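Listed in Swiss-Prot for this protein:
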BINDING   GLY7, PRO8, SER9, ALA10, SER11, GLY12, LYS13, SER14, SER15  ATP binding site
Amino acid sequence: MIIAIDGPSASGKSSIARELSVKLGFKFISSGYLYRIITLIAQRSFISGCDFISENRLLNLVLENDISFNDSSFLLNGENVENQILNDKIDFQVSFYSSYIGIRNIVNKKLREVVKFSDDNYIIEGRDITTIVFPESEFKIYLDASIKVRALRRYKQRNGNETLEELERTLKIRDDVDKNKQYGKLELSKGVFYLDTSYKGLDDVCNIIIEKFNLKKVRER
C-alpha cells in the first residue's frame, strides 16, 4: 500500500510523513531528498555555487554516482548526506534542477523501483507524488499552509541563519517555479484529501489523517 503526500515546500510534508510512518508502521520516502542529492552532485561539479549546469551534463553526473535506498534514507555513494542537503544553497537551486524532465524521469523511476521490489507499505512525500509518480495510490493527501507560516517553519529549521523575509521571498519563488513547470508541476490531483496545516500541530495533523485513512478503509470494505 502507498500513502502519497503532496504539497508546497515547508507545508509539513516530511515531518508529517515521518510521524505517520511511525504511527502506521509504514516505511518513509521523500522524493525531495533525491532531488536535493542530485543538486548536491551538481554543486560538487563546479567551483562557483551560483552557477548552473546543463541537463545533459547533470544526467551524466548522476549516472557516474551511486544513489541507493537504505531503509528510509537515500545514500550518495554509500554516504548519508542529509546534513549537506538541507540548506539555503540547495534550496536556491533544487527547483531549477528538478525542472529538468530527464532528472524527473530518473527520480520517478528510482521511486517506483523501490516500491516495486518490496512487500512493505510506504508513505511517500514530495511534489507531483500524487499526480505523476503514484497517481494510483490508495490514499492521496495534499498538505498546504500559508506562506508566512511556511517561512516561519523553515526559519526554525535553519536556526535563524536567514531572515523571515528572505525565506518568504525564497518560498514564493519556489512556488512560482513549481506551479509552472512543464512537467510534474504542483497541483491538486483528483480524489486527493486536502488539509491546511497552518495552525495545526504535528499530532493534530497526524490524527486527522489517520482518522480519514481509517474511515476510507472502512468505506472500501
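Cβ atoms are placed via backbone N, Cα and C, with glycine included.
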Let's check the environment of SER11 (ATP binding site): how many other CB atoms sit within 10 Å of its CB? 26
Spatial neighbours of SER15 (ATP binding site) that are distant in sequence (at least 6 apart) but have CB under 8 A: LEU202
I'd like the Cβ neighbour count for GLY7 (ATP binding site), meaning other Cβ atoms within 10 Å of its Cβ, all protein chains included. 27
Could you list the residues of the same chain, at least six apart in sequence, whose Cβ is under 8 A from the Cβ of SER9 (ATP binding site)? ASP91, ARG127, ARG150, ARG154, LEU171, ARG174, ASP175, ASP178
Near LYS13 (ATP binding site), which residues of its chain come within a Cβ-Cβ distance under 8 Å, counting only those 6 or more away in sequence? ILE5, ASP6, GLY7, SER30, GLY32, GLU125, GLY126, LEU143
Residues within 8 Å of the GLY7, PRO8, SER9, ALA10, SER11, GLY12, LYS13, SER14, SER15 Cβ centre (excluding the ATP site residues themselves): ILE16, GLU125, LEU143, ALA145, ARG150, ARG153, THR197
